[in-house]
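Inspection log for the structure reproduced underneath, given as structure tokens.
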Amino acid sequence: MDTLANLAMGFGIALTPYTLMLAVIGCFVGTIIGALPGLGPSNGVALLIPISFSMGLTAIPALVLLTSVYYGAMYGGRISSILLNIPGDEPAMMTTLDGYPMAKQGFASDALVISGFASFVGAFLATVGLMFLSPMLAQVAFKFGPAEYFALYMLAFCTLGGIGSNNQAKAALAAAIGLGISMIGLDKTTGMPRFTFGEMHLMDGVDFLVAIVGLFAVAEVFHFIETHGKDSAIGVKLGKITVNWAKLWSTRYAMLRGSGIGFVAGILPGAGASLGSFLAYMTEKSSAKDKSTFGKGNPNGVAAPEAGNNAAAGGALIPMLTLGVPGSGTTAVLLALLLTLNITPGPLLFTERPEVVWSLIASLLIANIMLLVMNVPLVKVFVKILSVPSWVLLPGVTMIAFVGIYSLTGSSFDMMLMVAFGVMGWLFRKLDIPTVPVILGILLGNAMEDNMRRAMVLSNGDWTYLFSSPIAIGLWIAAVVGFVAPMFLRGVLKKPPQPSTDGGTTD
Amino acid sequence: MRLTVSALAFSATALLGLTTSAMATECIAPANPGGGWDFTCRQIANIMQETGLSPNMVQVTNMAGAGGGVAYTHVVGQRDTDPNVFIAASSATTTRLAQNAFAGMTADQVRWVGTIGGDPGVIVVAKDSPFQTLADLVEAVKADPSAVAFAGGSAVGGFDHLKVLMLLDRAGFGDARAVKYIGLDGGADAITQTVGGFTQAMTGDISEIQGFIRSGDVRALAVLSDERVTGFDDIPTAKEQGIDLTAMNWRGVYVPKGISDEDYAKWTDTLQKVADSEQWQKVMAENGLAPYTLIGAEFETFVNENIAEITEISKEIGLIQ
């Protein structure tokens, strides 16, 4: 009852014409930012902070504007994933796996509608979770020490074998390359630079956005040039947007499961939306009866990761508000905004500044409904932005990639690096090596290593410390099962049908 | 439609006119929006505008990379004579300079203007910890350094780590290599590890963890400032407990080396006025900063001493040769 009264107060503050207008603007801008490759939610929000200050916004309108942008970007990321095979932001990476094949088969409108609804379900459930469970869930972060985090990342890598490729060895190779790249930079445990060759730009390591834009967008451009546009992602046609209710209804469980997994991943600091959408996708794939349709345009493969990443976006607000620990890059920027507005997130925020918290939650709910409207019936507006002729789009993608990266890091070195990643992505495509594991390696490698080294420091080098808590053991079991089960099951299940899709002649 | 276009064109020319007619003052924050450097830039910029210290708009540029190294190189290499730029700095800047982390650049390649406030260091333990005083903690480390792990918000060799080492050194435990320390991403992150019982103590800046102190999740054993901090009057200083250590994460600025002495004087003067302004007092109170003002020559001496001390400790723990 208390919660509802608080929520009513929140709506009272947030539901003014002025804040509603800001929410509309935020949602619209956010969706565009999300859809443009290279510009993700974190730089979108970061770009808008100075604007909101120069508009002279007070705390609550500023929060409404920026959280609308945040949620909007999480919705928008899927559009270019589905239509261009280029993730608009890093959590939308998993949506390319089934979304783009769907679009190629002529189901682009279905993919957009399903992912739009999935985004709504994920974000809505996460906001409700944020409302009722925040104080309790804040405690979860205290249960995760270095050993538990390491096991969590192990789980992610162990289940990685199957994605994007039918060849586990190639996926493992790609993940190893990603992990190798993540080693570049200052080593946190000794403070020593590694693989930097005296180059100062490498001290911070390789920014994963540089790698994503290079491996996806720039590689796509190379591929387009090489094939003269045949069978390239760029320029998928989109017909009329219709809602296929039957197909939508068939993905309901995928959406619910994806939301649950994404929400939990969001709560854990450092795991974030990318891991949320990844685990949601893997769960869906491993629990499906017919795994072979995944990666070839299975609607569940679109619904689950989209619900997962949007739920993670909501979940990530919990540690940010209750502990001041950002669960993702974007919440780190939002945290900065709160601090500048003289609001210090922490265990006392909910009791000391209830008006801030509840108007934020109310505005999240409002933004969510607006985004559903913008992203399902009105999705064509955004598609128009992306579906220009290829002679415009190709230089456009190139330009967006370069401008996006330059605005992010302000260094020409990173643009060169991005081109290098583009060449790498093009080569990998030739060799049929998936690029998603490379990104995951870069994204999670540092955190994984840091946690393992921290665990070793804490335990004085005793490796059994990694298996010392029930949570850690549970995660390890899941990881081992996740790694072994697919190989085992493949042998059992695949006997009757034809083995041709496996390409198993070489091994 | 045409109206909007011409209106846009008009505002664009108006904007252009503005930027060319007067040289804009610029503050470089050597990190992405949100950190301490960004805060320093934005607050000083606001106060300069509000109090009329700067007639123009003060623009804040974020130039992230290499822990401030990219901005440092940029200023030394390309802005060496620009009198209209100032750069946010903190103890992290001097720490990295001392550890030669800015690709061989040294502190004498810029001019240090001053610090106008500091975030006092603090040592905390979980609320159910057996350690009641700083002495308890120090004794436990002396007895068995492998039994007490510290968490902090900076990497090994960073300021949070150095605080622990300097503290123990002054308390008579000189074996810096034996001290267990894990570096996390920021103070709040380090707190969760301490509250969760994974580490026995935590060091950080008071502003980033004040919520946890007030909520009672953690207990502060000592604050590393000269005097007790307003608002946290029940936390004793390390000095009171017999360990002579002040570790403030100061907030200050530097300017390019090549500017004239008059321009440098103008900067010290401006910064002094910002430090004395009512607005800055209010900002400090709201953000848990303590007064810590050193301007001009006094600050340059402080920077040099600070770097000498950090160099020595860093050599001891093997970070630099």
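In case you wondered, yes, glycine gets a Cβ from its N, Cα and C as well.
Bear in mind that TrEMBL entries carry predicted annotations, made automatically and left uncurated.
Database features, via TrEMBL:
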{"type": "DOMAIN", "residues": "A:20-440", "note": "domain 'DUF112'"}
{"type": "TRANSMEM", "residues": "A:20-39", "note": "transmembrane segment"}
{"type": "TRANSMEM", "residues": "A:46-71", "note": "transmembrane segment"}
{"type": "TRANSMEM", "residues": "A:111-133", "note": "transmembrane segment"}
{"type": "TRANSMEM", "residues": "A:140-163", "note": "transmembrane segment"}
{"type": "TRANSMEM", "residues": "A:169-186", "note": "transmembrane segment"}
{"type": "TRANSMEM", "residues": "A:206-225", "note": "transmembrane segment"}
{"type": "TRANSMEM", "residues": "A:260-281", "note": "transmembrane segment"}
{"type": "TRANSMEM", "residues": "A:323-344", "note": "transmembrane segment"}
{"type": "TRANSMEM", "residues": "A:356-379", "note": "transmembrane segment"}
{"type": "TRANSMEM", "residues": "A:391-409", "note": "transmembrane segment"}
{"type": "TRANSMEM", "residues": "A:415-444", "note": "transmembrane segment"}
{"type": "TRANSMEM", "residues": "A:465-489", "note": "transmembrane segment"}
* Chain residues in Cβ proximity to the transmembrane segment (A:20-39) (below 8 Å; excluding those fewer than six residues from its ends, i.e. six or more beyond) -> 48, 57, 61, 64-80, 84, 86-89, 92, 209, 213, 216-217, 363, 366-367, 370-371, 374-375, 382, 385-386, 397, 400-401, 403-405, 408
* Structure fact -> Mean per-residue pLDDT in the domain 'DUF112' (A:20-440) works out to 79
* To do: Return the stretch with the most CB pairs under 8 A relative to the transmembrane segment (A:169-186), choosing among A:206-225, A:260-281, A:356-379, A:415-444.
  => A:415-444
* Which one, A:206-225, A:260-281, A:356-379, has the most C-beta pairs under 8 Å toward the transmembrane segment (A:415-444)? -> A:206-225
* Asked: Same chain, outside the transmembrane segment (A:356-379) by at least 6, Cβ under 8 Å from its Cβ: which residues?
  -> 6-7, 9-11, 13-15, 19-20, 23-24, 26-28, 31, 59-60, 63-64, 67-68, 71-72, 75-76, 79, 112-113, 116-117, 119-120, 123-124, 127, 130-131, 241, 243, 314, 317, 321, 343, 349-350
* Sequence-remote contacts (6 or more beyond its ends) of the transmembrane segment (A:260-281), Cβ cut-off under 8 Å? -> 74, 90-95, 97, 122, 125-126, 129, 137, 140-141, 144, 149, 152, 155-156, 159, 163, 301, 304-319, 323, 325-329, 440, 443-444, 447
